[in-house]
Amino acid sequence: MRRCCQGVGLPCLFKGVAMAGARPPQFLLVFDFDETIVDENSDDSVVRGRALPEPLRQSPRQGSYNEHMQRVLAFLGEQGLRAADFRALYENIPLSPGMAELFQFLSKHHELFEVVLISDANTFGIEAKLRAAGVRSLFRKIFSNPAGFDRRGFLTLGPYHSHKCLQCPANMCKRKILTEYLAERAQEEVEFQRVFYVGDGANDFCPSGTLTAADVAFPRKGYPMHRLIQESQEKQPGAFQAAVVPWESATEVARYLQELLKRKC
């Protein structure tokens, strides 16, 4: 039986603390990080204004970008950057337009939305930014490349996993992560009425292809995810099943979700 949002005690849950016995969330909201939650690519942010040696100036045309960033971070470590420096860099990356308002909406309706983050950035940078923005508690899970500091104090980076998807970089397939997460939650008897996916990049197109007609893809307008969805719709009408709601400001995502709650009531 579908619930009406007026019957789940919204005023009691503004701080994101579920009441004892509260029902599982109805919706899964998946976020990307770079150029979605934040308005920049965090890898670019940490090297801005720094003179990199020639082999590190350009992203590799062949090989692993994850391995390229391992080398970049090692170089920055050799230049003296340590945990406090990296934390400050990540904390100062600006949020995308309207993202603070979307987070406020999700905090207000925390019991309805389960929120996860799937990103090809790194766990240290993501955690630092979300905590600085005061929204870490919104996210049930963060899936990203593992990062931490070694005995030298250098920030180190690893791949998230291995997979067989030909569309995605070797270190991460977001489709695999999302599919496995939904299966895990189903085993825990949590099944979502709808899945919402907010992203921007080409690696967000792959997981959004698993969405059903009940779900919604929110591609950032004019970014690779948006263009790939448009190309898919032109080449194979109906193949991309989810509703598509492009956004320039994340307030547009918040308004869509607000209208959804109103219709359900």
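Cβ coordinates come from backbone N, Cα and C, glycine included.
Unlike curated entries, TrEMBL annotations are predicted automatically.
Taking Cβ-Cβ distances under 8 Å and a sequence gap of 6 or more within the same chain, the neighbours of ASP32 (active site, nucleophile) are LEU117, ILE118, SER119, VAL198, GLY199, ASP200, GLY201, ASP204. As annotated by TrEMBL, active site, nucleophile applies to ASP32.
Taken from TrEMBL, the feature active site, proton donor covers ASP34. Around ASP34 (active site, proton donor), the same-chain residues six or more apart in sequence whose CB sits under 8 Å from its CB are GLU40, ASN41, SER42, ASP43, SER119, ASP120, ALA121, ASP200, GLY201, listed in sequence order.
Sequence annotations record features per position, and here TrEMBL assigns Mg(2+) binding site to ASP32, ASP34, ASP200.
Positions annotated as substrate binding site by TrEMBL: ASP43, ASP120.
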Handout entry: 8 Å Cβ shell about ASP32, ASP34, ASP200 centroid, Mg(2+) site members excluded
Key = PHE33, GLU35, THR36, ILE37, SER119, GLY199, GLY201, ASP204, ARG220, TYR223
